């Protein structure tokens, strides 16, 4: 069985979906249905979790796993506070840690992220930290209690693909904890590439939300992730420098 287990929970779809940038929350149910996604992120700073009117949570199937994120947190203390607010509001124990103090490139602060992860993991949260891909920091996050790690492929919202692929390859090779490639994936082919590399899942938001037909694009990403995973399990053929004929070059009829 090819199961993805995070924090003791089986995750059936390896495509995680973000909820930012959609023109209307009403499109979210169709996005989830077509993508077959089970894990969906919500930014606490963008959602009034106490409101009953036009609440994003009303559009999310109860079977989905909510992954609130701490977007807007500039340090560990702010991330910890947001995580506690999310759990108190009924959003569950899953939390995506985002600590960003860089306002230009929006790159995560690994040091503060590690601190927040350690505190929240001890409090019983299922912590998925968003991070700059660095092997030693990944090991520190795992030791701090991360249930999965989320290295960035490229800066948030850029659709530039997996610019950090060599660093992510190293992490995949060295870390047994689930790896979810997050940020920068702009095409279904790039999501498939991440899965072919051996990533356990990918998180996509901008590429779907900014598409001409977001619902169709969500379906395309779902298929790409499934295909990429199957390719990884099938074991890709080895690349070679020299040509190698697929048919014999001797013994032709004369």
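Using the three backbone atoms N, Cα and C, a Cβ is placed for every residue, glycine included.
Proximity of residue 96 (active site, schiff-base intermediate with DXP) to non-local residues of its own chain (separation of 6 or more, Cβ distance below 8 Å) is seen for 41, 67, 68, 69, 70, 128, 129, 130, 150, given in sequence order. Annotation note: residue 96 (active site, schiff-base intermediate with DXP) sits in a strand segment as assigned by DSSP. Among the features that Swiss-Prot reports, active site, schiff-base intermediate with DXP is placed at 96.
When secondary structure is read from DSSP and collapsed to three states, residue 157 (1-deoxy-D-xylulose 5-phosphate binding site) falls in the coil class. Note on residue 157 (1-deoxy-D-xylulose 5-phosphate binding site): other Cβ atoms within 10 Å of its Cβ, all shown chains, come to 17. Under the heading 1-deoxy-D-xylulose 5-phosphate binding site, Swiss-Prot lists 157, 183, 184, 205, 206.
Same-chain residues with CB within 8 A of the center of the 157, 183, 184, 205, 206 CB atoms, the 1-deoxy-D-xylulose 5-phosphate site residues themselves not counted, are 18, 154, 155, 156, 158, 159, 182, 185, 186, 204, 207. Taking a C-beta cut-off of under 8 angstroms and a sequence separation of 6 or more, residue 206 (1-deoxy-D-xylulose 5-phosphate binding site) has the following same-chain neighbours: 18, 20, 21, 156, 157, 158, 159, 186.
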